[in-house]
Amino acid sequence: MNRIHKITDQCGDKVAAEGSAPSQGPNEIFYHEIAQLTKLRSRPHELLSKDMPGRSRLPVSTMKMLLSCFKSIFACKWSCTVEQLDSRTYVSQFSDDGTLFIAGCQGSHIRIYNVDKGWKVKKDILAKSLRWTITDACLSPNQHYLVYASLSPVVHIVNIESAATESLANVTEIHDVLNFSGNDDDYDDFGIFSVKFSTDGRELVAASSDNSIYIYDLEANSCSLRVLAHKSDVNTVCFADEAGHLLYSGSDDNLCKVWDRRCFISKGKAARVLMGHLEGITFIDSRRDGLYFISNGKDQTTKLWDIRKMLRLGFTNLMITCCSTGQKYIYTGSSDCSVYIYDLVSGALVATLDHHEGLVRDCNWHPFYPMIVSSSWDCVLARWEFPGCG
């Protein structure tokens with residue numbers, strides 16, 4: 001299969017070439033600010049440092065460790081399979097501290113793995129009232145609860161701290177219902193494509209097929225806000241800052257929007273409308289700094305946005321889910337069965353990971369270890385890591 005490795009922005013913004021002459025244009029200022037922020041935030045975790053004789057502990061470059069592992073993997077043409085599942089995986093993610101990993105499958109199962117204990121299954125959840133597939137799942141900030149969504153207005157919440165490994169909905173354990181429609185009789189109103197916890201764990205935000213964003217108050221056990229946000233399906237939504245005031249949304253109307261809950265949102269008025277994608281938005285990931293986010297589109301591009309300056313940096317030949325490490329790299333799954341890693345500052349393609357035989361639906365970088373896990377429609381969970389990381 002022919003692969004496109006050249007990085008370009010299809011909307012007219014050129015990616016700065018490595019080694020090019022300095023420029024004082026707005027994009028150059030944008031790149032400089034990104035470079036400074038990533039430099040401040042890209043120091044590896046303290047566990048990934050080494051002692052030097054007569055010197056203090058020096059950080060080991062995360063990318064050097066990851067690439068050294070990749071080279072050995074490519075040399076023997078082998079990578080680690082976490083598990084061969086029985087159906088397509090649509091959702092996967094690490095917990096905030098990296099100790100847990102969740103994988104949600106089309107066949108109703110959600111598995112939670114204990115990363116620090118050899119990827120032993122901590123919880124095997126059989127979802128309730130599934131419509132076609134699990135569209136999204138999310139762990140609470142305290143890692144006590146998991147919510148999962150499907151193509152219905154109902155989200156279920158599960159206590160994952162119980163002793164039992166198997167969790168069969170309303171058989172061995174209760175999967176409480178969170179109804180976003182307010183209509184107890186009709187579960188066909190709309191479907192939920194994306195659901196996320198707030199930083200304090202008190203609220204959920206959801207993106208739906210009725211062109212709306214919903215906010216659910218967990219303490220009140222009711223939907224507190226509905227915003228008619230777009231002119232087509234809202235595929236993705238997330239909190240933009242730690243305080244939970246700002247939201248990002250992406251839709252099949254090709255637009256990304258920024259919502260400020262402190263003003264205008266109740267009237268359906270966005271704080272920012274970001275245009276640049278030629279087709280619908282599939283995923284948005286945020287640093288939660290209220291400044292930058294990345295969006296992935298059906299036009300096979302990923303864009304990095306500065307919501308203050310309305311600037312964007314583009315990458316091409318991508319599919320489905322893209323995430324930022326919160327440091328220096330953006331990684332994404334692709335329809336050509338590969339995982340791609342890009343340098344956030346230069347836009348350069350850093351690595352291409354090949355293991356799968358189907359579309360890579362999701363991929364996840366460990367919060368502080370140089371470890372990537374990818375999930376695919378070939379039903380495989382694959383892992384790349386620096387030796388000794390887990």
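Any Cβ shown, glycine's included, is placed from N, Cα and C.
Those TrEMBL annotations? Automatic predictions, nothing curated.
Now, the feature entries from TrEMBL:
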- 192-226: repeat 'WD' (REPEAT)
- 227-260: repeat 'WD' (REPEAT)
- 274-308: repeat 'WD' (REPEAT)
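Under DSSP, the residues of the repeat 'WD' (274-308) split into helix, strand and coil as follows: 0 helix, 20 strand, 15 coil. When pLDDT values are averaged over the repeat 'WD' (227-260), the model yields 94.
Counting residues of the repeat 'WD' (192-226) by DSSP class, helix then strand then coil, yields 0 helix, 23 strand, 12 coil.
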